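Undergrad: Below is a structure I'd like to ask you about.
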């Protein structure tokens, strides 16, 4: 799909492409649409799903704050949705996104998966792009 707005429009035709929210929140994986890097895992409810399709930017449900969350609403690091995939059971969402601002993680790193265990040692494998204290004040 060439335009993010078309993602939502395409689903209005009753195509049957719809997550199964009957059991509650669903995991939503954000993956870089250009290089395939997995950037984060969050959760969506039906409101977050609809808002994502409506705006073309990722929205999630914050389990800790118990509220709808526009990714990048505070930091400016929004996620432009390029395409959406559902797994075979319609209970996991994969967002192929363009990460604006370079960081998906609240720690200021490009990916939330920034720690790696490989051959017995742990290392940080995702650069810090911004200082979270300056952005979030904590």
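Backbone N, Cα and C atoms are what each Cβ position is placed from, and that goes for glycine too.
So TrEMBL has the following annotated:
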DOMAIN    40-114  domain 'Phosphoribosyl-AMP cyclohydrolase'
BINDING   87, 89, 91  Mg(2+) binding site
BINDING   88, 105, 112  Zn(2+) binding site
Undergrad: Just to verify a number: CA distance, residue 112 (Zn(2+) binding site) to residue 91 (Mg(2+) binding site), in angstrom, no decimals.
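TA: Rounded to a whole number, the Cα-Cα distance is 22 Å.
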Undergrad: Might you list, by sequence position, any residue in that chain lying six or more from residue 105 (Zn(2+) binding site) with a Cβ less than 8 Å away from its Cβ?
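TA: Residue 105 (Zn(2+) binding site) has long-range Cβ partners 39, 40, 111, 112, 114, 126.
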Undergrad: Around residue 91 (Mg(2+) binding site), which residues of its chain at least 6 apart sit with Cβ under 8 Å of its Cβ?
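TA: Listed in sequence order: 19, 20, 23, 26.
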Undergrad: Tell me, how many other CB atoms lie within 10 A of the CB of residue 87 (Mg(2+) binding site), whichever protein chain they belong to?
TA: 13
Undergrad: Which residue counts does DSSP give the domain 'Phosphoribosyl-AMP cyclohydrolase' (40-114) for helix, strand and coil?
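TA: Counting residues by DSSP class gives 10 helix, 30 strand, 35 coil.
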Undergrad: Would you identify which of the binding-site residues 88, 112 has the most other C-beta atoms lying within 10 angstroms of its C-beta?
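TA: That would be 112, with the most Cβ atoms nearby.
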Undergrad: Name them in sequence order: residues not among 87, 89, 91 whose Cβ is within 8 Å of the mean position of the Cβ atoms defining the Mg(2+) site.
TA: 20, 26, 86, 88, 90, 92
